[in-house]
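Asks: Pulled the feature table from TrEMBL, pasting it below:
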- 519-560: coiled coil (COILED)
- 571-581: compositional bias 'Basic residues' (COMPBIAS)
- 22-311: domain 'FERM' (DOMAIN)
- 447-466: region 'Disordered' (REGION)
- 561-581: region 'Disordered' (REGION)
Amino acid sequence: MAGAIASRMSFSSLKRKQPKTFTVRIATMDAEMEFSCEVKWKGKDLFDLVCRTLGLRETWFFGLQYTIKDTVAWLKMDKKVLDHDVPTEEPKTFHFLAKFYPENAEEELVQEITQHLFFLQVKKQILDEKIFCPPEASVLLASYAVQAKYGDYDPNVHKRGFLAQEELLPKRVINLYQMTPEMWEERITAWYAEHRGRARDEAEMEYLKIAQDLEMYGVNYFAIRNKKGTELLLGVDALGLHIYDPDNRLTPKISFPWNEIRNISYSDKEFTIKPLDKKIDVFKFNSSKLRVNKLILQLCIGNHDLFMRRRKADSLEVQQMKAQAREEKARKQMERQCLAREKQMREEAERTRDELERRLMQLKEEATMANEALMRSEETADLLAEKAQITEEEAKLLAQKAAEAEQEMQRIKATAIRTEEEKRLMEQKVLEAEMLALKMAEESERRAKEADQLKQDLQEARESERRAKQKLLEITSKSSYTQSMNSSTTALPTDLPSYNLISESLSFDFKDTDMKRLSMEIEKEKVEYMEKSKHLQEQLNELKTEIEALKLKERETALDILHNENSSRGNSKHNTIKKVS
């Protein structure tokens, strides 16, 4: 009895010790995950679990976003997940997104997974028109997106219409021009073909390098009012705080760089920005909700911290990540070079094989033609020989008849003719016999000449037959040589080095000489990048001029007009911020 009670008590105590859990769904830009979380977990516990699952180390750019009463909010790291104002039903959904953006994507984004997540998020914002992108830049960005997805352009694989189901351009850009989907695809493919040799991570980084110069890239906008009640927009990004007109999100009226701000605070709905220069007036504004002010302050603190962090020496963790990234980049570059050489050798072997096959077919055709000519020559020779034999027999027969006529004439002459009439008749017969004999002789001579001519033709036909046989023998010897060459060449690709991830050839020692050489290559790449940038700008201007005639002016949005005005004045994102700071 006591044992049963004790067992029940131990079972109930084990049951009480099991932690309570709830289900969470995490949506990234390209996947969804579900986790079972303990009720005591804080935001950091869940965030760290997601980062470990993704293999992400550059965690400072990201956060877990959720929506509450039509307002965006971010999960706080030091607060329990269930203490946030999240819906009660399960699974509780959060979006794993970039919360803060880098100033220079190429220098700051180290991990490939970080670059990929930023690429997907920025691409979606451009397609959803949350970031304004001019038409010519949209086409260029689309070409890099295609390179990232499909790899190198191959006209045999990527045929007309292969982009028909892809969403690559903002609807605003498509509606702005009288252009068919085929025309857009043609222009995207023309640039896509120029990106040959770029790996997925390189194409995505090129996309981000272009996108980060767009005016609305990385800016979080909030509706505010100044002291006079004028409606304005506050923009928070990696460079500072910016004040915009509601109708112009491209060009700020005033900018406060992070290094020129002394203090940021809010009291209820009033937000205060104190510049570092005490001579400059304090800027105050009101937001619509207290929750919005909290969000603004979160973004300000995070962006300011990253701004200051960029201007200090990298931490040991970042230095290690960058060193690993450089080694990984060098290793991948060596792999790509090895694969490129192997591919080139295979292509050359295939070209040689195709050329030999073509030559073999040509020789076979020549052999067939020579064989046919030989058969025709043999048939002609046989016919001529038969005709010559018939002519010779006819000539013999005529000669025999002529001899018989001569004998008959002699016999008639020798016969005595008694009467004059018989004599006259005999003379007439003699004359006819002489004429017949003459004709027979002429015919015999003609037949003899014809027989000689036929013998000469037969001799020429046999000579032609001999030449045809000689040519066929030469072609046959060439064909056998070509077939042996073809068999040896066709075997070339199988002997070439194959790419194997487990192969020892992919183990590299990165010595100082390798790193120095890599540094020199990086410097060379910088020079090439400047030249490419100039070429790129020329291409963008060329495309803009080309499609300008197809533009429907009445469909231009306010942002299109503002962007064109800024472009005509030579204003860019960075020099505009410098002017209004």
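Placed from the backbone N, Cα and C atoms, the Cβ positions cover glycine too.
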Asks: What parts of the chain pack near the region 'Disordered' (447-466), using Cβ distances under 8 Å and only residues at least 6 beyond its ends?
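Replies: Apart from its flanks, the region 'Disordered' (447-466) reaches 374, 377-378, 380-381, 384-385, 387-388, 391-392, 394-395, 398.
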Asks: Quick check on the region 'Disordered' (447-466): DSSP residue counts for helix, strand, coil, in that order please.
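Replies: The region 'Disordered' (447-466) comes out at 20 helix, 0 strand, 0 coil.
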Asks: Find the average pLDDT over the domain 'FERM' (22-311) in the predicted model and report it.
Replies: 91
